[in-house]
Amino acid sequence: MNYFPWLTLIVVFPIAAGSLIFFLPHRGNKVTRGYTIYICVLELLLTTYAFCYNFQLDDPLIQLAEDYKWITFFEFDWRLGIDGLSIGPILLTGFITTLATLAARPVTLNSRLFHFLMLAMYSGQIGSFSSRDLLLFFIMWELELIPVYLLLSVWGGKKRLYSATKFILYTAGGSVFLLIGVLGIGLYGSNEPTLNLETLVNRSYPVALEIIFYIGFFIAFAVKLPIIPFHTWLPDTHGEAHYSTCMLLAGILLKMGAYGLIRINMELLPHAHSIFSPWFMIVGTVQIIYAASTSPGQRNLKKRIAYSSVSHMGFIILGIGSITDTGLNGAVLQIISHGLISAALFFLAGTSYDRIRFAYLDEMGGLAIPIPKIFTLFSILSMASLALPGMSGFVAELIVFFGIITSQKFFLMPKIVITFVMAIGMILTPIYSLSMLRQMFYGYKLFNAPNSYFFDSGPRELFVLISILLPVIGIGIYPDFVLSLSADKAEAIISNFFL
């Protein structure tokens, strides 16, 4: 047993250290930026060290478990622990947040508050991924919503208040269902209420009640993922947010919805999930086609990338709905892969906007010659987004595809239809990705414009982009690096469906 509270340290450290930002000497934004980056790097190193020396890959059970009495009145404990499902998203959170902090260098308005909110969001996200108590999970889930709302409403574009209000209405509405589900599942069927996930995994419910719980949790996570028709907050939010905030939203926030579906809907409510899995397959295929066909119609660059995110989330839904360990591993790999690629694309979109001050694709053109480094990296990462072989997206989508084919849950004909629709989605993806590149970088519009000299990527921007590109290629070449983390846990979750 591990006696050092590694997870408590990892969860509390960012927000505790972040609160000291307000006491730093007034010496400009440079001190604030340097301090925040230092905190993020130190947190990432702490997390990596704790996991390297204390986590056993071949053990599907909870590790680094911590359980402290918190509120004894209704048996509420500070209960943390990780397994193969949560270790990947936690490391992704640390990696993307560190790079997003580096990307936020141009932010000068209220710099202290901005960086504190990023660190508070960091704590909330790691807390959500490592919670082993349902009420603690809900508290952490809500904790990271407040920083996102403020980051949107203060440091966004012209319509920032509209998009921030829309975001908070959608997510707060979803949180109501999450709270009802948490309280219902915790208070059901015993004199002593329990919110301990280990205890709840072994509990059974009447089918009708389990379906009600399942629908409540599903709505909460569908808003965050997002699943259509709960997706309309996402393009508006991404269109108005600062690109460092977009990196956190697309890279981590959306993945919390997928994590919740696996951790609660699949693991706690397997019978209801088995009933709803055909609907997952339908929704996933519709989402891939709908978002991929809607994306080319978006004039705003960041909104087009946002719709591509909605389309790629469809593969995660299909992997979760396949009820196979292969499909579930593919979904987990897609969570990591898309988190990296989408963060890089939003960073590129933001740095391009900083130079040309145009947000709409039909106002751009001819950027390949003045900014060749950005053009090269944008092209490579767009290829990664459309699942080019050798990149992480290709491996993730291929594993999800094999998970559907090998599923015992579905007959041959539905499998063929789903595979055919997935193939159409894969054909539509290059259409919007390549047309985006064509509109931005080819032609003569901006190249021939007066005052058309732009600075190309500097060392900071190249460092951020190459730091993301290397794991994208690394996972594409050797996916076992990620799959070895989740394989045993995925097998343990799927075994519940065939008892």
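Each residue, glycine too, has its Cβ placed from N, Cα and C.
Database features, via Swiss-Prot:
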TRANSMEM  4-24  transmembrane segment
TRANSMEM  35-55  transmembrane segment
TRANSMEM  84-104  transmembrane segment
TRANSMEM  134-154  transmembrane segment
TRANSMEM  208-228  transmembrane segment
TRANSMEM  242-262  transmembrane segment
TRANSMEM  272-292  transmembrane segment
TRANSMEM  305-325  transmembrane segment
TRANSMEM  330-350  transmembrane segment
TRANSMEM  386-406  transmembrane segment
TRANSMEM  416-436  transmembrane segment
TRANSMEM  462-482  transmembrane segment
Among 84-104, 134-154, 305-325, 330-350, stretch most in contact with the transmembrane segment (272-292) (C-beta, under 8 angstroms):
305-325
Quick check: do the transmembrane segment (462-482) and the transmembrane segment (84-104) share at least 3 Cβ pairs under 8 Å, counting only pairs 6+ apart in sequence?
yes
The transmembrane segment (386-406): which same-chain residues, six or more beyond its ends, come within Cβ distance under 8 Å?
281, 312, 315-316, 318-319, 322, 324-331, 333-334, 336-338, 340-341, 415, 418-419, 422, 426, 429-430, 433-434, 471-477, 479, 483
